[in-house]
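Over in Swiss-Prot, the protein carries these features:
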- Tyr32: site 'Involved in heme-bound ligand stabilization and O-O bond activation' (SITE)
- Lys86: site 'Influences the redox potential of the prosthetic heme and FAD groups' (SITE)
- Tyr97: active site, charge relay system (ACT_SITE)
- Glu139: active site, charge relay system (ACT_SITE)
- 154-258: domain 'FAD-binding FR-type' (DOMAIN)
- Gly271, Val272, Gly273, Leu274, Thr275, Pro276: NADP(+) binding site (BINDING)
- Glu386: site 'Influences the redox potential of the prosthetic heme and FAD groups' (SITE)
Amino acid sequence: MSASFSPHTITLIKSTVPLLAEHGTTIIEAMYHRLFEDPQIEALFNQANQKNGTQIHALAGAILAYARNIDNPGVLASAIERIAQKHVGYAIHPEHYPHVATALLGAIKKVLGDVATSEVLEAWGEAYWFIANLLKDREAVIREGIMTKNGGWIHWRRFVISKRIPESETITSFMLHPEDGGPVVPHQAGQYLTFRFDAAGMPGMKRNYSISCGPNSDHYRITVKREHGTGASAFLHDQAKVGTIIECTPPVGDFFLPSVIERPIVLLSGGVGLTPMVSMMEQIAEAHPDAQVWYVHGTQNRETHAMDAHIRALVSRHKHMKATTFYTQRREADDAEAGFITIDWLRANTPFQKADFYLCGPRPFLRTFVRDLIGAGVPAVQVHYEFFGPMDEEMAA
């Protein structure tokens, strides 16, 4: 990913870095205010992340990082891929980009005032369209890849909840079949679906849920923790029944198992972060009999431990798969380690520097293990992670 920005453009963009550091969130707030004057544009965004401010801070941080690296945008390649995948999930299309450009440049002018000269705005317009064109091109490739597969679709598709499976005190799985009776595009183990809940009386509410079953052309399974409040998880747990219709876009995401497994694999999860790991384990059990796999999971206790019996069954089917669970509230009769997963334990009980690590869990869990694994000598290219929510900074930072 190389850009041919002129030295003058680079100088102008970098001159705004101190101002973006100070006023970035104000600029993004003003940008969204302009965008959301159009209800059709507003509906594209996850309004929960708007209300709690996480998306505003995330985008402000991303724009600041872009400005700081305007002379070397290649360092943002992984972020570009994640954004493109997310845009496909949220059904964002090329025709939406001009609206963002107008709102962003207008917000920069409004907040920075006279500092935002015509030259500065022209430089930021050039920088915006460079990234926008990269995203549009990548999103087109992702969509084409989906549509060329049997069962592929674009936009929103209606699915029927065909089964509810209680997994723990707070976690339930939902089996989903397409209402139209057609096939579904097989996902890559680790990917997620994006749901909208307009029909449930929550317009603008969108959520990403990992697929927790192995790839197939018949159905998807999602496994959802009941969170506090009245959002999407509350609707699924308290109101959605067998026969309820929910809508989603096709599977996306850059966190998935490779088609060829060349190194030992360590799957590391905390809480409901186990969901993509179960999908990966099902895929490994089905298609990779010689893969060396260590699954390490942490949760509070037996009552919060979801899908334990299913995971044990998968391990029993695969001669090279091991699973260890840590309970922070372990009782004497529990078949689990006590306390928290540690780097020292992983170093002593897994291939460590020789392995590919796949991580999913709460933000503190991810931040700790991404940082500590790399700090302990695991190459960064062997540490893969999934996080749901705006990525306001790299986990290793």
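Count begins at 1; order follows the chain as displayed.
Cβ from N, Cα, C; glycine included.
Structure coloured by features recorded in Swiss-Prot.
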residue : record                                                                      : DSSP (3 states)
Tyr32   : site 'Involved in heme-bound ligand stabilization and O-O bond activation'  : helix
Lys86   : site 'Influences the redox potential of the prosthetic heme and FAD groups' : helix
Tyr97   : active site, charge relay system                                            : helix
Glu139  : active site, charge relay system                                            : helix
Gly271  : NADP(+) binding site                                                        : helix
Pro276  : NADP(+) binding site                                                        : helix
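Neighbours of Gly271 (NADP(+) binding site), defined as other CB atoms within 10 A of its CB across all chains, total 20. Cα spacing between Glu139 (active site, charge relay system) and Lys86 (site 'Influences the redox potential of the prosthetic heme and FAD groups'): 9 Å, rounded to the nearest whole number. As a summary of secondary structure, the domain 'FAD-binding FR-type' (154-258) carries 10 helix, 40 strand, 55 coil according to DSSP. Taking the C-alpha atom of Pro276 (NADP(+) binding site) as reference, the shortest distance to any of the recorded positions Tyr32, Lys86, Tyr97 belongs to Lys86. The highest number of surrounding Cβ atoms within 10 Å, among the binding-site residues Val272, Leu274, is found at Leu274. Take the Cα of Glu386 (site 'Influences the redox potential of the prosthetic heme and FAD groups') and measure to each of the recorded positions Tyr97, Gly271, Val272, Gly273, Thr275: the nearest one is Gly273.
Reported as a whole number, the C-alpha separation between Gly271 (NADP(+) binding site) and Lys86 (site 'Influences the redox potential of the prosthetic heme and FAD groups') equals 23 Å. The Cβ of Tyr97 (active site, charge relay system) has 18 neighbouring Cβ atoms from other residues within 10 Å, across all protein chains displayed. Within 8 Å of the Cβ centroid of the NADP(+) site, not counting the listed residues Gly271, Val272, Gly273, Leu274, Thr275, Pro276, the chain contributes Ser210, Thr223, Ser269, Gly270, Met277, Ala306, Cys360, Gly361. Around Gly273 (NADP(+) binding site), the same-chain residues at least 6 positions away in sequence with a Cβ under 8 Å from its Cβ are Leu359, Cys360, Gly361, Pro362, Phe365, Glu386. Ranked by CA distance from Thr275 (NADP(+) binding site), the recorded positions Tyr32, Lys86, Tyr97 have Lys86 at the top as the closest. Closest to Val272 (NADP(+) binding site) in space, going by CA atoms and restricting to the recorded positions Tyr32, Lys86, Tyr97, is Lys86. Here the C-alpha separation of Lys86 (site 'Influences the redox potential of the prosthetic heme and FAD groups') and Tyr97 (active site, charge relay system) works out to 15 Å. Around Tyr32 (site 'Involved in heme-bound ligand stabilization and O-O bond activation'), a 10 Å sphere centred on its CB holds 21 further CB atoms from the protein chains shown. Look at the recorded positions Glu139, Glu386 and count other Cβ atoms within 10 Å of each Cβ; Glu139 has the fewest.
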